[in-house]
Amino acid sequence: MSMIVRRLSRAATAGLVAAAALTAAAHSAEAADTLGSAAAGQGRYFGTAVAASHLGESDYAATLDREFSSVTPENEMKWDATEPSRGSFTFTSADRIVDHAQSQGMDVRGHTLVWHSQLPSWVSPLGAQDLRTAMNAHINGLMGHYKGEIHSWDVVNEAFQDGGSGARRSSPFQDKLGDGFIEEAFRTARAADPAAKLCYNDYNTDGVNAKSNAVYDMVKDFKSRGVPIDCVGFQSHFNSNSPVPSDYRHNLQRFADLGVDVQITELDIEGSGSAQAADYTKVVEACLAVSRCTGMTVWGVTDKYSWRSGGTPLLFDGDYNEKPAYGAVLSALGGSGGPGDPGDPGDPGDGASCTATYTRTADWSSGYNGQVTITAGAEPISSWTATVTLPAQQSVSSLWNGTPTWSGNVMTVRPSWNGTLAAGASTSFGFTAAKNGSDAAPTVGTCTAS
Ligand code: G3I
């Protein structure tokens, strides 16, 4: 009885939430200054994996709520989490994520119904008929609970082997039910929630290779026989051993040409700085170039909680600062207001400021030493720029603790090693000037900081 009440109330809420999501997207498309709103401007969603256990962390929730328009529970909808003992479903953690997403007008991707990993121990020993019954009951139990509330379900996850064979992966389902288990799972899923998009999801299928060819052949076969499949998920876990493939866009397109949507479902790219940013740009551009690429999901909000945290593969660092990759994604999505832009709510450099003051520290008949002291304002800074205009006759013979560039008699000085300053902290650079007949003091212009 309580299950029925819960189902009805979830379904009723979903209608209201869908309306709220449309309003939020329409509103934020005008500003286009978050990942979600910029993606909405391109007709796409931009999502993230979420862990229920982090939702209570205010910076985590604030970043999630500000930036993303879709969530995927990272572990909470998996079989071990939802049906730890046969027929006994627990949705507490998954409900927490779905409720949070709905309160923010976000879509939810369901991950995942049938997977060889994170299976509770009772599943593997079952005989073939029993396993078939259990698989269908699991699909019905999960999809029934969230009926009408899930944008796309990863119905079957990672059913193909890595490597060159293109064979199916050994698993209880494959080994006992044969190739037909995938088709059966999709048919059961369609009946359980006809409104949900049904996806096949896998990794190392991002470029054209034996594994993606095998998935391609399966999808083609499903489409030709009317087996219900709507989308293919490309996990897109990249690093130096598995870089963004050069035929990524082509591969997405060939699947789309089969008549399915494609989605980037678990994107992360190990690395940092501009190289990581450039790789993220490639992925976003590939998705935007394929009209049936309906959205992208990164596999976590912050580097510190990533399954590959050592590889810092995400868009926000451990302190929720936007990384260069964030700016690259936002820009590729056509958004504005990334790192460094005034008013960007996630930019820790906003409000960065400095002042520059000049003193003469030594003086002799033909020359002098000058010192310019740079002091950070109320926020820490990572760099500064100061201009010094010298009287026309004077020339500078040496400069220390700074890097000058010249335009006429104006020198623009940037840090050499001393760019980073805590709020209110100071550093200085010095120089030796020849007077050449003028003893006038140089003029120090505006100090700018980032
Ligand atoms: O929650 C427990 C904690 O109580 C316990 O102390 C700790 C000790 O190991 O484990 C914690 O659970 C871990 C869980 O993540 C939550 O952090 C599991 O051990 C760990 O195995 C699990 O890893 C997840 C992994 O799937 C399991 O296969 C990752 O978070 C999750 O990001 C990862 O996601 C997969 C996708 O589902 C499918 N595609 C690949 C992707 C990355 O591996």
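One-based numbering along the chain as shown.
Glycine is treated like the rest: Cβ placed from N, Cα and C.
Now, the feature entries from TrEMBL:
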| type | residues | note |
| --- | --- | --- |
| SIGNAL | 1-31 | signal peptide |
| DOMAIN | 29-332 | domain 'GH10' |
| ACT_SITE | Glu266 | active site, nucleophile |
| REGION | 332-352 | region 'Disordered' |
| COMPBIAS | 334-349 | compositional bias 'Gly residues' |
| DOMAIN | 347-450 | domain 'CBM2' |
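Non-local neighbourhood of the residue listed as 'active site, nucleophile': Ala49, Thr72, Tyr203, Gly233, Gln235, Ser236, His237, Thr297, Val298, Trp299, each in the same chain, at least six residues away, with C-beta under 8 Å from its C-beta. Under DSSP, the residues of the domain 'CBM2' (347-450) split into helix, strand and coil as follows: 0 helix, 61 strand, 43 coil. Over the domain 'GH10' (29-332), the average per-residue pLDDT in this prediction is 97.
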